[in-house]
Amino acid sequence: MDSDNGDDYNNDPHPEDEEFPECSQVVPPKTKSPSFQVIASESLQAVWQEDVRRVMELLSVKKSQARMVLIHNRWDLEKVYAMLAEKGASKLFAEAGVSIPKEDRSSHNNPVAESSTRYCSICMESMPENHMTRMDCGHCFCNNCWTENFIISIRHGKSRRIRCMEHECNSICDDSIIRSLVRERDINLAEKFERFILESYIEDNKMVKWCPRIPPCGNAIRVEDEDDMIWEVECPCGCQFCFGCLSEPHSPCTCSMWEMWAKLCDKSGTSNWKKESTKPCPKCHKLTQNDDGCDIVVCFCGKSFSWPHAGATGKEHAGTAFANRSSGPDRQENEEKSKSGGQDRRHFT
């Protein structure tokens with residue numbers, strides 16, 4: 001009798017198991033320790049400056065230009081080396097929006113005669129030449145117009161790659177000039193710009209991630225090898241996490257298996273709330289929440305996209321349709337329903 005019951009149990013179908021990947025996809029435990037580096041917040045600048053120094057020496061460019069190349073390539077030194085060998089320096093600079101000025105071209109720091117004047121095609125006024133600034137691409141506008149453009153860009157989260165104001169110019173503005181002009185107008189905003197540039201080393205770099213501890217400890221983890229990205233690491237603050245997905249350690253499950261299980265086990269309705277209230281950026285895929293009622297949302301990575309359709313778009317406002325989005329009391333009611341939606345699933349065996 002017992003034997004029959006055991007056979008029946010083993011042959012009993014479990015349709016819920018079909019939702020999960022085959023066991024062959026489980027990552028076997030590794031036999032060596034991961035190679036990673038802990039970066040404290042106070043030493044973060046020194047670490048990324050070392051990468052900048054390498055590119056400066058490799059390409060014989062100034063600091064701001066090396067940083068532009070790295071930001072465009074998401075701080076991937078190996079990718080920079082590969083592109084240089086495959087496409088050459090000129091193509092590498094063009095794709096990164098870096099303009100290398102001619103040697104006879106006057107720079108921003110060169111002294112100019114105060115009596116000479118130039119015409120700014122933005123505000124359409126003539127000004128003393130020492131009130132004008134020329135970028136590496138050669139385009140020159142008054143300091144006031146440059147500063148206003150920089151301030152608007154920083155406030156809209158586009159600080160990492162601010163383009164020249166000239167029509168159809170794809171050159172990226174020198175961040176040292178941005179910093180200098182904005183600081184004269186708003187010191188706090190200039191510090192915010194500095195912070196955005198610094199944080200891009202973490203947020204755009206697949207080899208470096210913030211420790212996910214809440215409240216934040218300020219440390220970052222940098223893996224030395226791309227194969228180590230699925231390792232489970234431990235921050236000095238005591239937080240253990242998977243470097244691949246920033247979740248709690250889940251070995252031997254893959255990140256995709258763990259994500260699937262976490263969704264099924266979410267009793268608080270957080271997943272439903274995220275689905276109703278947030279949408280992923282089409283560029284960096286980070287969750288974005290629309291809290292100002294506008295159909296055009298700008299992610300912190302600088303990408304503009306349509307909130308109703310969650311698709312990439314231009315910077316212009318494409319109409320004022322508010323379909324598929326609620327606000328005020330209706331929005332609050334929908335959020336409460338979403339949060340309570342996870343209570344249906346009570347137990348797993």
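Counting begins at 1 with the first residue displayed.
The backbone N, Cα and C atoms fix where each Cβ goes, glycine too.
The compositional bias 'Acidic residues' feature in TrEMBL is assigned to 1-21.
For 328-349, the entry in TrEMBL reads compositional bias 'Basic and acidic residues'.
The feature domain 'RING-type' is assigned by TrEMBL to 116-327 (among others).
Under the heading domain 'RING-type', TrEMBL lists 120-168 (among others).
The feature region 'Disordered' is assigned by TrEMBL to 1-34 (among others).
Per TrEMBL, region 'Disordered' is recorded for 314-349 (among others).
Confidence for the domain 'RING-type' (120-168), expressed as mean pLDDT, is 92.
Residues in the domain 'RING-type' (120-168) partition by DSSP class (helix H, G, I; strand E, B; coil) as 16 helix, 12 strand, 21 coil.
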